[in-house]
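Novice: Just passing along the structure, written as structure tokens.
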Amino acid sequence: MAREILTVAQMTAADRAAVADGTPIQVLMERAGEAVANAVRARYGRQPVVIWCGPGDNGGDGYVAARHLKRRGWPVVVEAAYSPTTEAARWAASRWKGEVRPLSSRPAPGHLYIDALFGAGLSRPLEAEVAELARTARAAALRIVAVDTPSGVHGDTGRAFGDVAFHAEMTVTFHRRKLAHVLSEGRGACGEVVVADIGLGPVGAADLFENDPELWLGRFPWPAFDAHKHSRGRLKVVSGEAWTTGAARLAARGGLRLGAGAVTVLSPPGALAVNAAHLEAVMLAPFESDADLAIAAEDADAVIIGPAAGVGEATARNLQALARTGAALIVDADALTSFRHDLEALFACLDRDDVLTPHPGEFERVFPGLLAKSPERITAAREAARRAGAVVLLKGPDTVVAAPDGRASVLLNGTPWLATAGSGDVLAGFIGGLIAQGMESFEAACAGAWIHAACGARHGPGLIAEDLPGLAPSVLTELHAKR
Ligand SMILES: NC(=O)C1=CN([C@@H]2O[C@H](COP(=O)(O)OP(=O)(O)OC[C@H]3O[C@@H](n4cnc5c(N)ncnc54)[C@H](OP(=O)(O)O)[C@@H]3O)[C@@H](O)[C@H]2O)[C@@H](O)CC1
Ligand SMILES: [K+]
């Protein structure tokens, strides 16, 4: 089952539904606090711990965790920044029989802290002594486990509400990850994220998912026993001019590795010789004009255009010609930038099978101002997909894939080793290779991004884009075994 990522409001609704179904909030809080205690015991050896408790149910979880840790023999001190204000938090505090001190302004480095100050109910920037403590904690790099979210971090964006928030080495959240746990801003503050089951029911109409094999492996286009190369999909990649051909070949090789049966680089005449000198299993065919390109792409299942294609009129016309074929389009890099002065012309080329793969700079050219005015990149990518009428993959450490129908995913296995020239060309190739084999475009974009990241992580230091296609077989072998 694909795991949903929830907004704070969706989590509150899940919580209310459980309470309405007869599970008292105290029972949920007991499970949550015990889960925190268990996660702490699983990660750390027994040691003194200070638990900072806030006024709401996040603080309530802290009192419960205190009781469970103490029962296991941990020396526990609770520091309460506020008295409990909710019924459940008062209940939890009343069952804590140990010491409660006021919040100390002088935490001890090396000590373990549990931040149960604010979670889902944070409604404004941290104030007064709590803000001061957050600053001290950051400066002293305190070892902190956060309950639900690090206090000060907005659950729906991952950003600090004001100018300061706690940073944890582990965050224990409940039921499902929230946006703050998956977006890069929040991930830095959360540290390792542990998702604890507290017995809430299935999520209803969620449309945001962790990009994980669970989301797409069931529909991965493995070859049928009677497969032949033409039944495994035909992918074509448009090459740039003679001195910018490598990107198209990287994409082509990526598509071939992910299983497209027949992959062809379509090359301007001046680049044929250099392409021919560097291609083996990938085929090569010439095109001289946009009309020619459309004919060359006529039998393609998917076409990639953009990697080092050249920014300008010619690339724009080439994309418009390709749009008249039946092939799904993967539109990357220069093909996106070529339309920066006529975005409507780009959108007119696209339909829901097509995939745009911008990095944030290209995204800004195609959707000016959208990232800046959106609360976070998921909302921006969704709106972009709606405007474009196509799948949009917004690159980053937290790559987002959004479909025009509202589905979206966030990549959790991103790796900084992928930040290297040509890596995006291989990604376009991976996605194109999967779409050519008939995988639905949103799922192909999710799968391509996940496999790309898995390849990058597998290689680690020293990775160059040329390595990525060769790393795909070991990732695919593991996926094949799990299917
Ligand atoms: N959902 C679930 O299924 C379950 C949820 N559980 C837990 O409940 C947590 C959510 O609890 P919650 O709603 O009580 O909110 P919480 O974060 O404790 O704080 C709200 C209080 O803080 C106040 N306040 C806000 N900002 C402030 C500021 N900057 N500075 C000062 N005060 C500030 C705010 O005041 P107000 O905005 O009303 O003025 C209000 O009094 C959730 O994160 C999880 O840990 C689990 O127990 C079990 C199942
Ligand atoms: K917290």
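Along the chain as shown, residues are numbered 1 onward.
Each residue, glycine too, has its Cβ placed from N, Cα and C.
Because TrEMBL annotations are produced automatically, they should be read as predictions rather than curated entries.
Annotations per TrEMBL:
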type	residues	note
DOMAIN	11-206	domain 'YjeF N-terminal'
BINDING	57-61, 119-125, Asp148, Ala247, His359, Asp425	(6S)-NADPHX binding site
BINDING	Asn58, Asp115, Ser151	K(+) binding site
DOMAIN	212-479	domain 'YjeF C-terminal'
BINDING	Lys395, Gly396, Pro397, Asp398, Thr399, Gly424	AMP binding site
Novice: Neighbours of the K(+) site Asn58, Asp115, Ser151: Cβ within 8 Å of the Cβ centroid, same chain, sequence order.
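Specialist: Leaving out the recorded residues gives Trp52, Gly54, Gly59, Gly62, Ala116, Leu117, Phe118, Gly119, Ala146, Val147, Asp148, Thr149, Pro150, Phe166.
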Novice: Which binding-site residues among Asn58, Ala120, Arg124, Ser151, Asp398 have CB under 6 Å of ligand 2?
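Specialist: Only Asn58, Ser151 qualify.
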Novice: What is the total of other Cβ atoms whose distance to the Cβ of Gly59 ((6S)-NADPHX binding site) is within 10 Å?
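Specialist: Taking every protein chain into account, the count is 32.
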Novice: Which of these binding-site residues (His359, Lys395, Gly396, Pro397, Gly424) have a C-beta closer than 6 Å to some atom of ligand 1?
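Specialist: Close enough to ligand 1 is none of the binding-site residues.
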Novice: Looking only at the domain 'YjeF C-terminal' (212-479), what is the model's average confidence as pLDDT?
Specialist: 97
Novice: Within 10 Å of Leu122 ((6S)-NADPHX binding site) (Cα-Cα), which of the binding-site residues Ser151, Asp398, Thr399, Gly424?
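Specialist: Cα within 10 Å of Leu122 ((6S)-NADPHX binding site): Ser151.
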Novice: Would you list the other residues of this chain near AMP - those whose C-beta lies within 8 angstroms of the C-beta centroid of Lys395, Gly396, Pro397, Asp398, Thr399, Gly424 - in sequence order?
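Specialist: The surrounding set, listed in chain order, is His359, Leu394, Val400, Leu411, Gly414, Ala449.
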Novice: If you pair up every Cα among Lys395, Gly396, Pro397, Asp398, Thr399, Gly424, the residues annotated as binding AMP, what's the maximum separation in angstrom, rounded to an integer?
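Specialist: The AMP-binding residues span at most 14 Å between Cα atoms.
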Novice: Out of Asp115, Asp148, His359, which of these binding-site residues is nearest Gly424 (AMP binding site) by C-alpha distance?
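Specialist: Nearest listed residue in space: His359.
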